[in-house]
Amino acid sequence: MPSSPCAPEEVRRVACVGAGVIGGGWVAHFLARGYDVTAWDPAPDAEEKLRRLVDAAWPALTQIGLADGASPDRLTVAATVEEAVADAQFVQESAPEKLELKRSLLARLDAAAPPGVVIASSTSGYPMTDMQTEAADPGRLVVGHPFNPPYLIPLVEVVGGEKTDAAAVEWASRFYKVAGKSVITMERELPGFIANRLQEALWREALHMVANGEATVKEIDDSITEGPGLRWAFMGPCLTFALAGGEGGMGHMLDHFGPSLKSPWTRLEAPELDDTLRAAMVDGCDEAAGSRTIAQLVAERDQGVIDVLRATGRLPRQRAEGTDAIPHTPSTMGDEK
Ligand SMILES: NC(=O)C1=CN([C@@H]2O[C@H](COP(=O)(O)OP(=O)(O)OC[C@H]3O[C@@H](n4cnc5c(N)ncnc54)[C@H](O)[C@@H]3O)[C@@H](O)[C@H]2O)C=CC1
Ligand SMILES: C[N+](C)(C)CC(=O)CC(=O)[O-]
């Protein structure tokens, strides 16, 4: 890959190829961050749908703050894919999740985009190694996996394929950060990346339960939104479970609940919980906690739950601010349902 024609901070023009749910969401995000955006999508009604999506997203984007000069008027819809990427400084591909289509489209984008410009795919799970097979310059192709909607959910997972240049991965990671995203740059390819691998595990169990009549869709959704989901908005599953071990943290949690990994709770194959895995989990949690004590983490978690409840309209302000706010929380939520 020739070196990128500009630094991530200098990018002004972005091309979005494929303008459905995710491509359209990317368009809205980049417009809100003040970029000129050129989009292309082969569907006959694509432009109308895209402009509708941007208009619908704009009030939320205005509420969270627009970049100077940001405007939906800075969107151009191109007649061909070649025209869309001709003077782009970054390309985001969000076409349907079909491997053959991704392969040929990425090769076409590579042939049409200026040399050195980084091209990212929104794929939900294909490794870039499998998608970059037909491109003349596979070195500039990276995965930039967003979350729906890309204009509100911060995370982008960035990873290259076997033929991707490390410089392209680094450039894309920096660019997404400059463009207001929260980035995880993965060192190695993993089908489904990190978050979808986790989401799919949960999803698989949800489908098992529904298929077997063990739980309803509502029960499954409520079990997350009224339960662990409140914690996950600000503290990940590992540190959350470390607190399940009380003052003993992750070590005690694993010794106490580890054997239940083999219980019939799950249909998934459980990993062998050997000493190495135990140590990796304990060390990882210690590192994530940093200088924070268990008590500090508990206070942080509790405050976070209150903030999320308040933010989602499930906690009246006066109760949240009282000293007895936490004991009242469950009945308050129940009242509102
Ligand atoms: N929907 C989601 O929640 C998420 C989807 N993704 C990924 O984003 C990508 C797009 O998915 P969605 O937006 O959900 O699909 P979608 O079906 O909403 O949009 C796909 C768009 O691509 C267009 N298209 C069809 N053939 C094309 C081609 N040859 N070149 C360019 N565009 C073409 C379609 O007209 C359509 O507008 C997929 O790779 C998907 O895995 C990633 C994160 C989340
Ligand atoms: C459903 N999905 C696998 C396409 C979801 C994602 O890839 C990310 C998300 O938005 O949750």
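The backbone N, Cα and C atoms fix where each Cβ goes, glycine too.
A TrEMBL annotation is a machine prediction, not a hand-curated record.
Neighbour list (Gly20 (NAD(+) binding site), Cβ cut-off 8 Å, at least 6 residues apart, same chain): Asp41, Lys49, Ser94, Pro96. The feature NAD(+) binding site is assigned by TrEMBL to Gly18, Ala19, Gly20, Val21, Ile22, Gly23.
Residues annotated as domain '3-hydroxyacyl-CoA dehydrogenase NAD binding' in TrEMBL: 14-186.
Secondary structure of the domain '3-hydroxyacyl-CoA dehydrogenase C-terminal' (192-260), assigned with DSSP and counted as helix (H, G, I), strand (E, B) and coil, comes to 53 helix, 0 strand, 16 coil. Summarising the annotation, TrEMBL assigns domain '3-hydroxyacyl-CoA dehydrogenase C-terminal' to 192-260.
Under the heading region 'Disordered', TrEMBL lists 316-337.
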Field: CB-centroid shell, 8 A cutoff, NAD(+) site Gly18, Ala19, Gly20, Val21, Ile22, Gly23, site residues removed
entry: Cys16, Gly24, Gly25, Trp26, Asp41, Ser94, Ala95, Ser122
Average pLDDT across the domain '3-hydroxyacyl-CoA dehydrogenase NAD binding' (14-186), rounded to a whole number: 97
Query: Among the binding-site residues Ala19, Val21, Ile22, whose Cβ has the fewest other Cβ atoms within 10 Å?
result: Val21
- prompt: In DSSP terms, helix, strand or coil for Ala19 (NAD(+) binding site)?
  reply: coil
